[in-house]
């Protein structure tokens, strides 16, 4: 078994590269890099090639402690709150409605499956994580998981991630179908498309300067978040460090010079994949039986969540006589995040919804963490 920290880190990085290649070149593109990297590293761990959860490693501890929070920080640097107004009132309104509907859906889902009894000590964390991820994406999911140390529950975390991926894929089909079912007979004339450089950054040209500034700001912000959280705790106010870091990132993202720095999204995404690789290492098959019926209960709970969300969003749009395409993109921004909302807008041939979908999805990256912690706090015993 691999014992050298450097060799272990090399294997984890190589696994991320392999997973990305598989997703780009094979049928695994339907599953996404996030899930594939978990499975790939889980195979290495269960074959005994790398340490598992029970054996542990300083590499795993370092990724959990530093890289996971930094990944969230860098991804949030892309959120420009000032530009959200460009999304328009209907899109913004439906997105906020969808966020509230997600929280209600989680409460309903947990009630139906009797979450407190069957999820036990993980009940608040699971509630918060799914509220966060279905408000604006996986950035929120990971932020709440880090606070509750859920990544050390490898099998459960992997099961939750699988359920999340399945439902997100199904919801893409739903949001494609609903507008076709309810679309009015009058022809919708899409407005002019915005410049795609504001919407997509598939690749980024980075420099030593931009990477140096990004890393320096990231390390400084992480230290400041830890220090401020400790100071607040000493003062009698218990605020999660990751929530402080989220707030710092959102504030810094409003500084134009920092917002335009190239490389933040690439670095953040790579750190996310390393984080998920460690989750894979924590998936010991010997402990697989421990999740048992929880997998089906998780799936049913999440199904109830998205059904409640969809009913409120599309029902509200219908009652207010709003464009169902707008409702679909807003809903997809909640459930799948910015990238999914962009893909949906493209599929609906609504170029005018490209940028609004991206913008409200960016808003969800920040809002979801706060809403997730709120729900987790409300259901905590």
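All residue numbers here begin at 1 and follow the chain in the order shown.
For all residues, glycine too, the Cβ spot is worked out from N, Cα and C.
What TrEMBL annotates here:
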TRANSMEM  6-23  transmembrane segment
TRANSMEM  30-51  transmembrane segment
TRANSMEM  63-82  transmembrane segment
TRANSMEM  94-113  transmembrane segment
TRANSMEM  155-182  transmembrane segment
TRANSMEM  206-225  transmembrane segment
TRANSMEM  237-255  transmembrane segment
TRANSMEM  267-288  transmembrane segment
TRANSMEM  294-314  transmembrane segment
TRANSMEM  353-380  transmembrane segment
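353-380 is the stretch from 6-23, 63-82, 206-225, 237-255, 353-380 with the greatest number of Cβ pairs below 8 Å to the transmembrane segment (94-113). Only residues 6 or more beyond the boundaries of the transmembrane segment (155-182), in the same chain, are considered here, and those with a CB under 8 A from a CB of the stretch are 30-32, 34-35, 38, 42, 122, 126, 129-130, 133, 138, 141, 145, 276, 279-280, 282-284, 287-288, 290-291, 294-295, 298-299, 302-303, 306, 310, 314, 318, 324-325, 327-329, 331-332, 335-336, 340, 343-344, 347-348.
Contact between the transmembrane segment (237-255) and the transmembrane segment (63-82) is present: at least three CB pairs lie under 8 Å, with pairs separated by 6 or more positions in sequence.
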